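Participant: Dropping a structure here in structure tokens format, bear with me for questions.
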Amino acid sequence: MATINYPENPSPVADAEAIRKACQGWGTDEKAIISIFGHRNATQKKLIRRAYEELYNEDLVKRLESELSGHFEKAVYRWILDPEDRDAVMLHAAIKETPIPDYRVIIEYSCIYSPEEFLAVKRAYQARYKRSVEEDLAEHSAGDLRKLLVALVGIYRYAGKEINARVANTEADNLHSAICNKEFNHEEIVRIISTRSIPQLIATLNRYKDDYGSSITKHLRDDANAAKEYLVALRTTIRCINDPQKYYEKVIRYAINESGTDEESLTRVIVTRAEKDLKDIKEIYYKRNSVTLDHAVSKHTSGDYKAFLLTLLGNDN
């Protein structure tokens, strides 16, 4: 379930005028910007951008980029874009990470989003960058990691709920055989993980656990026979497929800790899930950590950035 609170029929013209006012004068009224955009869904934000451009002949996204700064600016920028365009921007940044791509982001989109959602992101990517996701990813990765990631982004998974128990049994055995032989990059592992539907994969992973007494991720530990980043990416893929909300809770938990805050990861999860399942992720976080996510975010962030994230989390206090 979503966390953001928004009115049913706000006036995009009134919102555009209020945002214009917030950006004029001696300083920017960040509270006004948060109060509007923190309470608008994707359709409403699109209408605001359109109304603003029609009223003032100016791109609202570029205006806010010039008015805001730091983590707050980045969070607002990503929030007000159309979802598929925002995801294309974050996917591009992840692919261009050095020395290797941020495979977590790539895996999240390719394994958690529905086939249609991810296809929309890939189309937005091509429209914005004039290159395909596969093309850029192949250029900026190498070895077994490239083989896995390109396979994941290049497929359009079947979205049906049907499960073939015989296939699940056979492919659980195939996975176990490859892992026992330390052939972690075996083509069967990549084929099964990258092409099967999510329900079919979950059935296979459950069969693996039932037959071999442990989850497959515990058998895919770091090994001298395989590149570490490839194995981590493979485990990440399986976690995203098995339980997306539990995976996102872990990303947030690692992003906000006593050693420092990973604002990039924190922003990504909150901005991309606030209109989807962030309430479920919050509940998992509380059960796992005995503290609310709102409290943790408040403790580890500050200023307008904190206020904006808390608003997206549904905390209007």
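Note: Cβ is positioned from N, Cα and C throughout, glycine not excepted.
Dumping what TrEMBL says about this protein:
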type    : residues                                    : note
BINDING : Gly25, Gly27, Glu67, Ile256, Gly260, Thr301 : Ca(2+) binding site
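Thinking about packing and proximity, how do these listed features fit into the structure?
Facilitator: Under a cutoff of 8 A between CB atoms, and with a sequence separation of 6+ in the same chain, the neighbours of Glu67 (Ca(2+) binding site) are Cys23, Thr28.
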Participant: For Gly25 (Ca(2+) binding site), write down the residues of its own chain that are at least 6 apart in sequence and whose Cβ falls under 8 Å from its Cβ; none is a fine answer.
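Facilitator: Same-chain residues close to Gly25 (Ca(2+) binding site) (Cβ under 8 Å, separated by 6 or more): none.
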